[in-house]
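Per TrEMBL, the features are:
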type	residues	note
DOMAIN	260-514	domain 'Major facilitator superfamily (MFS) profile'
TRANSMEM	39-59	transmembrane segment
TRANSMEM	65-83	transmembrane segment
TRANSMEM	154-173	transmembrane segment
TRANSMEM	179-197	transmembrane segment
TRANSMEM	223-242	transmembrane segment
TRANSMEM	254-274	transmembrane segment
TRANSMEM	286-303	transmembrane segment
TRANSMEM	331-352	transmembrane segment
TRANSMEM	364-385	transmembrane segment
TRANSMEM	397-421	transmembrane segment
TRANSMEM	433-454	transmembrane segment
TRANSMEM	466-487	transmembrane segment
Amino acid sequence: MDPKNIVDKDASFFGQPGGLQTLFFTEMWERMSYYGMRALLVLFMTATLQEGGIALTVASATAIYGLYTGAVYFMGLPGGWIADRLLGGQKATWYGGIIIMLGHIVLAIPSEAGFFIGMILVVLGTGLLKPNITAMVGQLYGPNDDRRDGGYTLYYMGINIGSIIGYFVTGYLQTNVGYHWGFGAAAVGMALGLIQYRLTLPKLKGVGAEPPKPLGPNGMKRSWMLIWALLAGLAVVTYLALNDVIIINPTVVAGNVAIIFTIIFFAYYLSIFLFGKLTRNEMKRLGALFLVCIASTCFWAGFEQAGSSFNLFARDLTDRMVGDFEIPTTWFQSLNSIFLVALSPFFAALWINLSKRMINPSYGFKSALGLIIMATGFIVMFFASQAAASGLKVAPYWLVAVYFIHTVGELCLSPVALSAVSKLSPKRMAGQLMGVFVLTYAMGNVIAGLLAGGLDPENPSAMPELYWTIFVFGVSVGAVVFVLALFTRKWEKLAEDDDHPGAVIDANEPVGKP
Ligand code: GLN
């Protein structure tokens, strides 16, 4: 065991290792910038030139939005690999943050070219930062440290505090001074995150300081050359697209991307099995993780209706008047983060209490539960959209209830799944597997966009059926995951390394067999 990965005596941040403070606040500011900017994105793209926007059609804007959110998470795959083999998590997070900040600075300059270049920079930077900062959280704990789930829940709370700040600050600036001020605020947020990261880096006590499985000097050189060549290719394509030499149709591209992401996810996972030189325990642990990934993908495909169809439902079909005050549409989305922050302490305490009583539900079980709870939120949407189909605007409580249910589901699945990735991945592949996991967000986001395409508020009578289908699908997959989790439960408990004696906890497994 790498001693750098065990900082288990330290409990200086709410009972968690002090390094969590560094990661918590960095990710908080990064998410402030991500969600703050994301909240303005579709509004900016569809606003007229006079309103300060770029006057795209709704179809193009939502397709670009889906591609952007999908790409942000997709890039976690190379980002995780770069940390494992070339840079280490600390540097990947640092450079990722700088690239994100530059992206927001470019976005703050009013120009259409700047807008697309800024988004590309945010995508590249987030790919470097997001999986690696998340993987480093897990490396703060020793293999048998019970605080891991609670630590991820706390970290997840930081994500959502950042989101709340983002929604309110950029939303305020956009309505009062203009879109580009909102984008500028996102750059300031990321800068604050970088400053505190730099200042509190020693708290990480060496976690992520080096790549866990560095390539040799030649491999490194070749990899960097390839990376620079790919970036140069991207720059050329961007230049040609901005000058209309090549025409990119975002709607067509978005349609194919979900399929490509899914193929890449399966191919990558399979290649880790085939070429990762895994021990038998590692294979079983990754088998258990695969189940969590399936639950996660289906979860986000439903949950991410928040930014699309729920958003439109809030705007067009919900009675947002409270007396003389009209609730702004974007406020509904921030309900998720507000509920999350409010409920997080209860969930952190719940997992700790359960583990003290030796009732430690498996990762698979918690994921299935999260997925099923999320899916039941769609029963509420079924009734809400039925009411809306009658022609009257519905009360805001419907969406409030849905967001509450979805947040409870999120707390059962999402932070727990992050903990699962960090616990079940071989250390030498920690970044890569977090990258593969973040790909489940990418798939979920793109599928969510495709589903939302069938949820047109102009035609609310079609909504109940689709919402009901999402409910049935979610509960069915959740039930299957639940049953399979009964089998993978004991795989989750296998020790990380079956190459050294006594490592196998499962008594039925012979020790040290390849
Ligand atoms: N809110 C979580 C985060 O930002 C999950 C995002 C997602 O779309 N999966 O980390």
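Each residue, glycine too, has its Cβ placed from N, Cα and C.
Please treat TrEMBL annotations as automatic predictions, because they have not gone through curation.
Across the residues of the domain 'Major facilitator superfamily (MFS) profile' (260-514), the predicted structure has a mean pLDDT of 85. Remote same-chain residues near the transmembrane segment (433-454) are listed as 62-63, 65-67, 69-74, 76-81, 127, 130-132, 134-135, 254-255, 257-258, 261-262, 264-265, 268-269, 272, 286, 289, 293, 296-305, 307-309, 312, 417-418, 421-422, 425-426, 462, 466, 470 (criterion: CB distance under 8 Å, separation of at least six residues from the stretch ends).
Residues 34, 38, 41-42, 45, 89, 91-92, 96, 119, 122-124, 126-132, 135, 208, 211, 227, 250, 253-254, 257-258, 261, 264, 268, 304, 307-308, 431-436, 438-439, 441-443, 445-446, 448-450 of the same chain lie 6 or more positions beyond the ends of the transmembrane segment (65-83) yet place their CB under 8 Å from a CB of it. For the transmembrane segment (179-197), the residues of the chain that approach it from at least six positions outside its boundaries are 22, 25-30, 32-34, 36-37, 40, 43-44, 47, 52-53, 93-94, 97-98, 100-101, 104-105, 107-110, 118, 162, 165-166, 169-171, 173, judged by C-beta separation under 8 angstroms.
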